[in-house]
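Per TrEMBL, compositional bias 'Acidic residues' is recorded for 729-742. Residues or ranges marked as domain 'Copper type II ascorbate-dependent monooxygenase C-terminal' in TrEMBL: 3-127. Marked as repeat 'NHL' by TrEMBL: 349-387, 395-440, 458-492, 545-588. Annotation source TrEMBL lists transmembrane segment at 642-666.
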Amino acid sequence: VVDADIACHYKRFPMHLFAYRVHTHRLGKVVSGYRVRNGQWTLIGRQSPQLPQAFYPVEHPVDVSYDDILAARCVFSGEGRTTETHIGGTANDEMCNFYIMYYMEAKHAVSYMTCTQNANPEMFRNIPQEANIPIPDMLKMTHGHHEETQDTDKISLLQQAKKEEEEILDQGDFYSLLSKLLGEREDVVHVHKHNPTEKAESDLVAEIANVVQKKDLAREITDHDERDNTILVRDRIHRFHRLESTLRPPENRHFSLQQPKHGEGSWEKEHTGDFHIEEAVEWPGLDLKLGQVSGLALDPENNLVIFHRGDRVWDENSFDSRFVYQQRGLGPIEQNTILILNPSNAKLLHSMGKNLFYLPHGLSIDKNGNYWVTDVALHQVFKLGADDKEPLLILGVALQPGSDNNHFCQPTDVAVDPITGSIYVSDGYCNSRIIQFSPNGLYMMQWGEESSLGRARPGQFHIPHSLALIPDFSQLCVADRENGRIQCFRLETGEFIREIKHKSFGRELFAVSYVPGGLLFAVNGMPYPGEAEPVQGFVMNFSTGEIIDTFIPLRKSFEMPHDVVASENRTVFVGDVHARAVWKFASTEKMEHRSVKKAGIEVQEVKESETIVEARLKNNPESTDPLKKQEKQHLVRQASTGVSFVLITTLLSIPVVVLLAILVFIRWRKTTVYGADGEHKLDSSSGRILGRLRAKSNGGLNLGNFFASHKSYSRKGFDRLSTEGSDQERDEDDGTDSEEECSAPPPPPAPSSS
């Protein structure tokens with residue numbers, strides 16, 4: 001007999017339990033769940049996992065409050081087994097689950113929580129003895145001993161059916177995976193309204209449904225030995241993954257087949273443009289060793305600044321119920337928490353912030369290069385000079401949460417008006433307000449309140465998490481995290497102007513950033529179980545609020561993207577607090593130009609290809625027939641391939657023709673120009689030519705340098721044809737942004753007077 005124990009401290013608002021469900025595989029005998037308060041064990045539910053697995057009502061209502069302990073024990077018996085049994089997802093493995101249904105006050109509600117550890121193994125010495133006693137079989141108890149023989153067949157059938165189900169795959173895991181798949185593509189249900197390929201995808205959905213039909217699976221397994229069962233399991237899993245990959249859209253393209261609601265924009269319309277953001281996969285910054293990344297900003301030189309937590313972690317043990325930090329004894333973080341990086345190559349330029357902060361959160365940089373940061377443990381806001389070790393200004397009282405004019409409660413972010421110097425603080429996790437201070441730190445005004453029940457009204461917040469100041473429009477936009485929206489206010493008065501909210505945001509919107517010129521960038525949170533909206537980045541038109549593009553990483557995956565910052569050249573950085581990583585994204589146009597720098601021949605090919613695409617789109621009206629669309633795409637591909645071949649062949653032949661012309665010219669001069677003594681004489685021009693050829697004989701002929709020496713030619717147009725990459729390396733060494741330098745195609749050769 002083996003016990004599996006689980007226990008966690010509950011660190012949220014009160015919840016009320018009303019149902020429970022237990023789950024193990026064949027070796028489980030009894031599963032019991034308890035609330036432990038002040039050493040007293042209160043039974044939530046106790047059941048045999050071999051009985052029908054449904055949610056059973058809690059006999060006596062149980063409430064769970066902050067700092068209670070939730071505990072569960074599963075009792076297993078290895079009787080009849082001759083080999084070791086491990087934890088796992090197949091029928092031959094075991095697992096221990098105790099599920100609870102609960103309700104909470106709506107304004108504090110959390111729809112999904114997990115406990116997967118044993119916080120206090122010693123406490124299980126005092127677990128009630130009932131938790132160790134197996135529950136007798138219900139069928140035997142109901143019919144009595146005298147009917148045991150006649151009911152043996154029924155019991156065998158039930159056990160056999162359960163065994164056959166579990167031989168395929170554990171139901172809980174399988175349905176969880178299936179729900180996640182179909183949840184991410186809830187549009188499949190509505191696909192036949194908008195997509196002519198609805199039948200293929202609907203058939204796939206039906207096939208997945210067929211995979212999990214118990215009777216279908218049981219029929220196929222009947223009368224097979226253990227080896228056949230294993231093969232079938234592997235085949236079914238392979239089949240499921242094949243279907244999953246067929247249904248799931250490519251990860252670097254997002255689309256929706258649902259009709260947009262009024263005010264939410266149209267995906268079809270928003271994605272018809274050349275603007276698209278993709279990860280800059282060559283950027284080495286993703287491999288940096290960082291703590292939890294909480295804040296990002298760009299300084300006046302466009303260097304990337306990262307605010308991270310070093311070896312400190314924010315978890316359920318960090319604060320008590322009054323939001324007082326519980327790990328003050330650890331002292332401030334000993335590592336440098338502020339890192340300044342070259343945005344092109346991620347080289348560390350400078351670092352600071354050692355022994356200043358306990359739990360970093362928000363970061364912004366004003367026009368003078370001062371750093372503004374928040375610390376949720378200290379409940380303070382700091383202003384730091386780029387080279388100063390001590391803060392220039394501190395707002396709030398250290399380690400004291402509050403809601404008056406002099407205190408914060410876990411402030412999240414800061415924004416500074418570049419015109420007036422006014423300071424705006426979002427406060428925060430336990431206050432729901434925006435506070436304005438003068439440039440010297442004097443309180444001026446505040447606005448906002450906690451969200452009410454039902455739909456959140458304008459000016460209400462549920463964790464104002466991130467700020468974006470829009471000087472072009474004199475507005476301050478707030479990422480209202482738990483309400484999954486952006487709210488914008490007038491800077492001078494705090495007057496509500498508008499809300500930006502899209503279904504694709506999901507429940508949470510973590511951060512927002514503005515770029516002069518009218519672009520708004522944002523990142524959302526992970527979807528709750530069963531919800532469809534993926535975690536991703538958004539590019540929006542600030543004036544209309546419409547989504548222009550979405551983006552996700554190609555390397556690793558977003559786990560909890562916590563902050564986003566973008567530059568005017570459309571370079572975007574995203575910091576993830578759970579993945580402890582920073583991604584760099586760039587527009588595809590910018591990335592095309594980067595490839596041009598390394599191989600200038602490509603630029604004309606790309607432009608020609610674009611011209612052909614545009615010409616065909618103009619000459620052929622849009623058709624709803626998918627076959628015509630495919631034919632059009634095929635023609636475009638063929639045309640661009642043919643043009644590419646002709647262009648490359650032509651360009652490669654030019655140097656050969658020029659070289660042959662030079663050699664013919666030299667040969668002709670040899671046969672016609674001689675001195676009196678018969679010695680070969682050269683005129684000054686041909687002498688210079690041969691002199692240059694001899695001088696370059698060791699390193700090979702450099703046509704760019706050769707033509708650059710003549711008045712009728714310029715070096716422009718030849719530097720970018722170098723395939724050695726020396727220009728790019730030199731640019732990086734000089735500390736310049738090589739991406740900006742190649743933001744336009746190389747100019748054609750032009751006459752020069754020098």
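Numbers here mean position along the shown chain, with the first residue as 1.
Each residue, glycine too, has its Cβ placed from N, Cα and C.
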- Query: So what's near the repeat 'NHL' (458-492) in sequence-distant terms, Cβ-Cβ under 8 Å and 6+ beyond its ends?
  - Reply: 362, 364, 412-419, 422, 424, 426-429, 432-434, 447-452, 498-501, 505-514, 516, 518, 520, 522, 524-525, 542, 563
- Message: Per DSSP, what is the helix/strand/coil residue tally across the repeat 'NHL' (395-440)?
- Response: 0 helix, 17 strand, 29 coil
- Query: Using DSSP, how many residues of the domain 'Copper type II ascorbate-dependent monooxygenase C-terminal' (3-127) fall into helix, strand and coil, respectively?
  - Reply: 9 helix, 62 strand, 54 coil
